[in-house]
Amino acid sequence: MGLLEGKRALITGVANERSIAYGIAKSFHREGAQLAFTYATPKLEKRVREIAKGFGSDLVVKCDVSLDEDIKNLKKFLEENWGSLDIIVHSIAYAPKEEFKGGVIDTSREGFKIAMDISVYSLIALTRELLPLMEGRNGAIVTLSYYGAEKVVPHYNVMGIAKAALESTVRYLAYDIAKHGHRINAISAGPVKTLAAYSITGFHLLMEHTTKVNPFGKPITIEDVGDTAVFLCSDWARAITGEVVHVDNGYHIMGVFGREEEIKKEVYGD
Ligand SMILES: NC(=O)c1ccc[n+]([C@@H]2O[C@H](COP(=O)([O-])OP(=O)(O)OC[C@H]3O[C@@H](n4cnc5c(N)ncnc54)[C@H](O)[C@@H]3O)[C@@H](O)[C@H]2O)c1
């Protein structure tokens, strides 16, 4: 029996097969969850419908999280089709491309508002709206963060600030929803080549560096994130809430990078 057998999961943020949300959907499907999907813009509908079909689902609905009416409509859609909900996967972030070019000091007021609205407020809005559907079901919510929330990652800029706010939001929401028996956690994922990632100036260099210096010396996969999301949304994680779990092959534990090669050269001469 799968770890998520009998659970109904809403998956947001699938844009294509490289999306982290796709990796999560794959793992959830393997573990027996029923899936429903949202897409942000009409342009994405066809692809998301095809992807949903691959997971045996025809529950697909538009939800641009910057629009309150879309969020309300999403609730109506789930209410009509399922009547209840066990899991929400929030895998959404956005900031205008220009915001990744200079430094944080160059952040525009509009860019800041958009980044915070789409990447942070959306988690609050979705949680509040969908909460009644989770009543009595010990629901679980998972969102996606990145190390740029904790430390300076050049050019990640306003998204680093948004991710710090997102991680804090997870803790506050964890407190709020605990009284309903629900949990919420964040996965801080290592870099993955996705559409969103390519907005970040110099992303390939970031990816190269992170891959080289993490203890395993390899990149993470969307399946690594998916399998962690399964655990966090399963009953096995029943006492874990408000947590930020790093799925980064251990990158975040490192204090100094590249010393191994320097030491080898100096001490052993190779
Ligand atoms: N790729 C990485 O290296 C990485 C690392 C850590 C965390 N993350 C986070 O993972 C999450 C998913 O990103 P991804 O890397 O899979 O990229 P992605 O581009 O595949 O997914 C981002 C999703 O956000 C959706 N989105 C943007 N604006 C929206 C809106 N207004 N309404 C609804 N949806 C909207 C897009 O349609 C897309 O599906 C994001 O929160 C991202 O910050 C990514």
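Cβ coordinates come from backbone N, Cα and C, glycine included.
Some features that Swiss-Prot has for this protein:
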type	residues	note
ACT_SITE	Tyr146	active site, proton acceptor
ACT_SITE	Tyr156	active site, proton acceptor
BINDING	Gly13, Ser19, Ile20, Asp64, Val65, Ile92, Lys163, Val192, Lys193, Thr194, Leu195, Ala196	NAD(+) binding site
BINDING	Ala95	substrate binding site
Notebook entry, point to check: Could you state the CA-to-CA distance between Val65 (NAD(+) binding site) and the residue listed as 'substrate binding site' to the nearest Å?
Noted result: 13
Checklist line | Greatest C-beta neighbour count within 10 angstroms, which of the binding-site residues Lys163, Lys193 | finding: Lys163
Check: Do any of the recorded positions Gly13, Tyr156, Lys163 touch ligand 1, in the sense that the CB is under 6 Å from one of its atoms?
Finding: Gly13
Next item on the list: Based on Cβ atoms within 10 Å, give me the single least packed residue among the binding-site residues Ile20, Ala95, Leu195.
Entry: Leu195
Check: To the nearest whole angstrom, what is the C-alpha distance linking Tyr146 (active site, proton acceptor) and Lys163 (NAD(+) binding site)?
Finding: 7
Item checked: Reduced DSSP assignment, Lys163 (NAD(+) binding site) -> helix
Next item on the list: Taking the Cβ of Val65 (NAD(+) binding site) as the centre, count every other Cβ atom within 10 Å, in any protein chain shown.
Entry: 23
Check: How big is the gap, in Å, between the Cα of Tyr156 (active site, proton acceptor) and that of Lys163 (NAD(+) binding site), rounded to a whole number?
Finding: 10
Next item on the list: Measuring CB to CB from Gly13 (NAD(+) binding site), give everything in the same chain under 8 Å that is also at least six residues away in sequence.
Entry: Ser19, Ile20, Ala21, Thr38, Val89, His90, Ser91, Ile92, Leu144
Next item on the list: Rounded to whole angstrom, what's the largest C-alpha distance between any two of Gly13, Ser19, Ile20, Asp64, Val65, Ile92, Lys163, Val192, Lys193, Thr194, Leu195, Ala196, listed as binding NAD(+)?
Entry: 23
